[in-house]
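J.: Reproduced below are the annotations present in Swiss-Prot:
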BINDING   Ser11, Met12, Asp13, Gly39, Lys40, Gly41, Ala42, Asn43, Glu139, Asp242  substrate binding site
BINDING   Asn183, Thr210, Leu211, Gly212, Ser213, Glu214, Gly215, Gly241, Asp242  ATP binding site
BINDING   Asp236, Thr238, Ser272, Lys275, Gly277  K(+) binding site
ACT_SITE  Asp242  active site, proton acceptor
Amino acid sequence: MTKVSVIGSISMDLVTRTNRVPNAGETVFGEDFAMVPGGKGANQAVAFARLSPNEVSMIGAVGKDAFGESILQNFKENAVLFENVGTVPQTTGIAQITLYDDDNRIIIIPGANNEVLPSYLADLWEKIKESQLVILQNEIPHETNLAIAKFCKENAIKVLYNPAPARKTDLEMIDFVDYITPNEHECKELFPNLALEEILKKYSNRLIVTLGSEGVIFHDGETLQKIPAIKAKVVDTTGAGDTFNGAFAFGLTENLSISDSIRLAVVASHLSIQKFGAQGGMPKLSEVKAKLKELEINLY
């Protein structure tokens, strides 16, 4: 069995749906509110687990509070191993999410996620060493990500790095990771002075840029490849990127090519945005296979 470790953020999403966002000093009525488990790391672990029979382990931290307890129960229900999720004397991270007009705005309060420092991993390096693939994002401290990426490079462990949300230090990671999956905005933050095609060619078969409703673009070493998105009735886009990353990682562990892994991930993302919650719409493999068959896309 392929072992995947996701090292990253674990949060509770506080989600409000409204028909418009208030201006400064204005109050508007919302249409709905919910609390659902989230955090980019946790979301990507759940997305992978929904698709794969292989072991996926979450490494991170929650607080000593009701949100933390609820999140650990959610990992259990989704077959994500969580023995390496610590409980720390901090509040569990939260994300305040406003849904409107088929899009979202998010404010993150890291809480316990900021406690996932290199020192926090002191007893976990051997566990990480057992992994065939490690998935990272940007909702834990940069120095932790960099330490993990360097460790994985030294130990021939593949790393999928999702540089979200973007930060100036992300470029330090590039030489130590195998796959980079920014969206278009994050890509511009990473490479502000280079044209997209130039960047993709430089990092062929490593840089995969998601373009929302425009699909996904990458360079295969010979030509630029663009894989279109699939039209859908949008309910909630919050977990689309995390679903993409979890599904892309699954494709890689299934020994699919990069392009076929992307196609699978695009289908998974398409299905995810048709239900509420970052994790609520994440599909099972049977759902993805049914959609692939409907679209006459043969990956297996």
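Heads up, the Cβ atoms here are built off N, Cα and C, so glycines get one too.
Computed from a predicted structure; not experimentally measured.
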J.: Using a 10 Å radius around each Cβ and all protein chains in view, which of these binding-site residues has the most neighbours: Gly215, Gly277?
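T.: The residue with the most neighbouring Cβ atoms within 10 Å is Gly277.
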J.: Here are some binding-site residues: Ser11, Ser272. Which one has the most Cβ atoms within 10 Å of its Cβ?
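T.: When each Cβ's neighbours within 10 Å are tallied, Ser272 leads.
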J.: Run through Asn183, Leu211, Ser213, Asp236, Gly277 for me and report the binding-site residues whose CA is within 10 Å of the CA of Asp13 (substrate binding site), in sequence order.
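T.: Within 10 Å of Asp13 (substrate binding site): Gly277.
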J.: I'm trying to understand the geometry here, so how far is the Cα atom of Ser272 (K(+) binding site) from the Cα atom of Asp242 (ATP binding site), in Å to the nearest whole number?
T.: 10
J.: Give me the count of other Cβ atoms within 10 A of the Cβ belonging to Asp236 (K(+) binding site).
T.: 24
J.: What are the other residues, in sequence order, whose C-beta lies within 8 angstroms of the center of the C-beta atoms of Ser11, Met12, Asp13, Gly39, Lys40, Gly41, Ala42, Asn43, Glu139, Asp242 at the substrate site?
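T.: Near the substrate site, the remaining chain residues are Gly8, Ser9, Ile10, Pro37, Gly38, Gly93, Ala95, Ala278.
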J.: Using CB atoms and a 10 A radius, I'd like the single residue among the binding-site residues Asn183, Ser213, Thr238 with the highest neighbour count.
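T.: Output for this query is Thr238.
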J.: To the nearest whole angstrom, what is the C-alpha distance linking Ala42 (substrate binding site) and Thr238 (K(+) binding site)?
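T.: Per the Cα atoms, Ala42 (substrate binding site) and Thr238 (K(+) binding site) stand 13 Å apart.
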J.: Within 10 Å of the Cβ of Asp13 (substrate binding site), how many other Cβ atoms are there?
T.: 24
J.: Of the binding-site residues Lys40, Asn183, Leu211, which one has its Cα closest to the Cα of Lys275 (K(+) binding site)?
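T.: That would be Lys40, the closest of Lys40, Asn183, Leu211 to Lys275 (K(+) binding site).
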J.: Hey, does DSSP put Leu211 (ATP binding site) in a helix, a strand, or just coil?
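T.: For Leu211 (ATP binding site) - judged by DSSP and reduced to three states - the answer is coil.
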J.: For the recorded K(+) site formed by Asp236, Thr238, Ser272, Lys275, Gly277, name the remaining residues of the chain with Cβ within 8 Å of the site's Cβ center, in chain order.
T.: Val235, Thr237, Gly239, Ala240, Ile273, Gln274, Phe276, Ala278, Gln279, Gly280, Gly281, Met282
